[in-house]
Amino acid sequence: MGPAPRILELFYDVLSPYSWLGFEVLCRYQHLWNIKLQLRPTLIAGIMKDSGNQPPAMVPRKGQYIFKEIPLLKQFFQVPLNIPKDFFGETVKKGSINAMRFLTTVSMEQPEMLEKVSREIWMRVWSRDEDITEYQSILAAAVKAGMSTAQAQHFLEKISTQQVKNKLIENTDAACKYGAFGLPTTVAHVDGKTYMLFGSDRLELLAYLLGEKWMGPVPPTANARL
């Protein structure tokens, strides 16, 4: 019997394109490395407020840089990223609270669907420039991910409950206590120690901490590796 898998907590918000990149890479490696990946829906607005930080898009020069960087990241990570036409306006203004509460509900009620539903919501906002704030938009993403319409509607009815709100706050507070100042934030529990890593470009360092092999953002499949 081999060593127990190391726990990795990924704190993310679908409003963050860099969260999507980190999410996809960790999902690719979860069957290649000896890890147990825990997805934790989080509110980036709460982390920014708690840390006193600003989203990169809100800093003019960083915003200009993002427009140049995203097309390169799309190719490098092989994730279909496209900047929404009005991201700095309506997309940011509307936020992601309904989507993140829905994902929190999924994590509580049907966690095996969390990866797929999270991905479909990212696909809407960060690939197809579609809404993620209206209930029907979230429902469409959940159904596309493979959830039944009835189940998705049931979960939508729960997003305004105090239990779900508290869980999302709990996740956000946990990220802040680890020292998060943005997303994605990955927390690795290795040999009794805890390491907090920020961003989608720290995953090679994560591999080093885990004692695992880094094979780039798009590693071979488990079968190919064997």
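Positions of Cβ are set from backbone N, Cα and C atoms, glycine also.
The secondary structure of Asn53 (glutathione binding site), as reduced to three states from DSSP, is coil rather than helix or strand. Swiss-Prot lists Ser16, Pro17, Tyr18, Asn53, Leu183, Ser200, Asp201 with the feature glutathione binding site.
The annotation N6-succinyllysine is assigned in Swiss-Prot to Lys36 (among others). Annotation note: Lys36 (N6-succinyllysine) sits in a strand segment as assigned by DSSP. For Lys36 (N6-succinyllysine), the same-chain residues 6+ apart in sequence whose C-beta sits under 8 angstroms from its C-beta are Pro5, Arg6, Ile7, Leu8, Gln30.
The N6-succinyllysine annotation in Swiss-Prot covers Lys49 (among others). Cβ environment of Lys49 (N6-succinyllysine): no same-chain residue six or more positions apart lies under 8 Å away.
In the three-state DSSP assignment, the secondary structure recorded for Lys68 (N6-succinyllysine) is helix. The Cβ of Lys68 (N6-succinyllysine) lies under 8 Å from the Cβ of no residue that is in the same chain and 6 or more residues away along the sequence. Annotated N6-succinyllysine per Swiss-Prot: Lys68 (among others), in sequence order.
Among the features that Swiss-Prot reports, N6-acetyllysine is placed at Lys68 (among others), with the record citing a large-scale study or a structure entry.
According to Swiss-Prot, the feature N6-acetyllysine maps to Lys74 (among others). Its Cβ taken as reference, Lys74 (N6-acetyllysine) is surrounded by 18 other Cβ atoms within 10 Å in the chains shown.
Residues or ranges marked as N6-acetyllysine by Swiss-Prot on the basis of a large-scale study or a structure entry: Lys93 (among others). Cβ environment of Lys93 (N6-acetyllysine): no same-chain residue six or more positions apart lies under 8 Å away. Lys93 (N6-acetyllysine) carries a helical DSSP state (H, G or I).
The feature N6-succinyllysine is assigned by Swiss-Prot to Lys93 (among others), with a large-scale study or a structure entry given as support.
Swiss-Prot lists Lys116 (among others) with the feature N6-acetyllysine, giving a large-scale study or a structure entry as the kind of evidence. The number of other Cβ atoms within 10 Å of the Cβ belonging to Lys116 (N6-acetyllysine), over all protein chains shown, comes to 17.
The annotation N6-succinyllysine is assigned in Swiss-Prot to Lys116 (among others).
Residues or ranges marked as N6-succinyllysine in Swiss-Prot: Lys158 (among others). Annotation for Lys158 (N6-succinyllysine): same-chain Cβ neighbours under 8 Å, separated by at least 6 residues, are Thr105, Glu109, Val164. Taken residue by residue with DSSP, Lys158 (N6-succinyllysine) is part of a helix.
Annotation source Swiss-Prot lists N6-acetyllysine at Lys158 (among others).
Lys177 (N6-acetyllysine): 10 other CB atoms within 10 A of its CB, across all protein chains. Here Swiss-Prot flags Lys177 (among others) as N6-acetyllysine.
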Candidates Lys74, Lys116, Lys177 (modified residues) - the one closest to Ser200 (glutathione binding site) by CA: Lys74
Shortest C-alpha distance to Lys116 (N6-acetyllysine) - which of the recorded positions Ser16, Asn53, Lys74, Lys177: Ser16
Residues near Leu183 (glutathione binding site) in space but at least six apart in sequence (CB under 8 A): Phe11, Tyr12, Asp13, Ser16, Tyr18, Ser19, Thr42, Ile44, Ile47, Ala175
